[in-house]
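Swiss-Prot has this to say about the protein:
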type	residues	note
BINDING	Cys69, Cys72, His73	heme c 1 binding site
BINDING	Cys215, Cys218, His219	heme c 2 binding site
DOMAIN	47-157	domain 'Cytochrome c 1'
DOMAIN	200-345	domain 'Cytochrome c 2'
SIGNAL	1-28	signal peptide
Amino acid sequence: MTTHQSIRRLSRIAALVGLAFVAGTVAAADGKAELQALPEAKAGNADMVELGKHLFFDTRLSGDMGVSCASCHDPAKGFSDGMPLSAGYPSVEYFRNAPTLINSRFKNVFMWDGRLDGADMGTLVRDMLTEAHTMNMDSRLMQERLSQVPEYVAMWQKFRKDDINGMRVYGVVGEYVKTLVSQNAPIDRFLKGDGSALTSQQKDGYEIFTGKGGCVACHNGPLGSDGQVHNTGVPENPEVLKNPNRTVTLLRHYATSGMPNYMNARTDLGHYAISKDPADMNKFATPSLRELKYTAPYMHNGMLTTLDQVVDFYNQGGGQGSELTPLGLSGSEKKALVAFLEALSGEPLNVVAPTLPDYQPRQFGKN
């Protein structure tokens, strides 16, 4: 059997068996996995979204008031940060790449290790605000800080009649994040019937993506992700062990996840730290393929800096321990695939940070 036939056979098996191999795969009526256009995004409460936008850019939501959500999810960088490994909380430093927040509302799972349900945006925001290695915020302190900003109190009361509640702030920020959706991506126009939306080279790439390459077996649905965890053998980022701060943050993550024998771990074990199932060693959630033009570097640890490198990596069958099979793509086929991947990016989301209101502490006895 040729490499081409092997890949096509694996793709057919993945599509037919479904839950047994790639649970959550989006399939067409004929059973084959497919890409889909983004669904319409239901508009949220405009007043809640506006407050959420302010809070997204406000450093008062972090423990030392040194970072905001936008520090690691910068609109100018595709709501990512452009670095291989996220800086995380000041002086702590993180051990994974900061993914884009664009299209988060459509995700099946959050986090590279797939530990959070994609339907629960509020929990994602809560974890990012309160985790010691991201924003290190106490909800009670956050509640009091925001309550000392009259403009925020007024904005809050446009959609709620009670006082600002720290636990409810997570949902408010989440409502803003839900508004971050790709705009006018060529792939969406193409999938809706506009044959002119893709160039001839991109169409060739689409055929490779859905055919010879077998990419669609895992990269399907509106995001180009099955929402499952897989081992593609991405090499370790040596910076994690070279930098003691990042090493400590990794081990702290293992400890709080209840991973056995975590002090002996010196690699990022992915979903295993969550499931404790040895079969999940080195497995990470399939990333979205949306907005790749703006969100380099790639993979869970930023080890691949260009889309050409990504395609080369998959063409060779991934890295050590990978579940993948070499694709056998020619140079022109690889270029076509890269061109197609770029078509999954829409127009830049040009978001301007709002002017943030100042504190105006209330006086005791006069509230």
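Cβ atoms are placed via backbone N, Cα and C, with glycine included.
Quantities reported herein were computed from a predicted structural model and do not represent experimental measurements.
Swiss-Prot feature annotations superimposed on the structure.
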residue: Cys69; record: heme c 1 binding site; contacts (Cβ under 8 Å, 6+ apart): Leu55, Phe56, Phe57, Leu61, Met128, Met135, Val173
residue: Cys72; record: heme c 1 binding site; contacts (Cβ under 8 Å, 6+ apart): Ser80, Asp81, Ser86, Ala87, Gly88, Ala98, Thr134
residue: His73; record: heme c 1 binding site; contacts (Cβ under 8 Å, 6+ apart): Phe79, Ser80, Asp81, Ala98, Thr100, Leu101
residue: Cys215; record: heme c 2 binding site; contacts (Cβ under 8 Å, 6+ apart): Ile208, Phe209, Tyr314, Leu337
residue: His219; record: heme c 2 binding site; contacts (Cβ under 8 Å, 6+ apart): Leu35, Phe209, Ser225, Asp226, Thr286, Leu289
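Taking the Cβ of Cys218 (heme c 2 binding site) as centre and 10 Å as the limit, one finds 22 other Cβ atoms among all the protein chains shown.
DSSP gives His219 (heme c 2 binding site) a coil state; it is part of no helix or strand. Sequence-ordered, the extra residues of this chain that approach the heme c 1 site, with Cβ no more than 8 Å from the Cβ center of Cys69, Cys72, His73, are Phe56, Ser68, Ala70, Ser71, Asp74, Phe79, Asp81, Ala98, Leu101, Met128.
Helix, strand and coil counts under DSSP for the domain 'Cytochrome c 2' (200-345) come to 66 helix, 9 strand, 71 coil. Same-chain residues with CB within 8 A of the center of the Cys215, Cys218, His219 CB atoms, the heme c 2 site residues themselves not counted, are Phe209, Gly214, Val216, Ala217, Asn220, Gly224, Ser225, Asp226, Thr286, Leu289. The secondary structure of Cys72 (heme c 1 binding site), as reduced to three states from DSSP, is helical.
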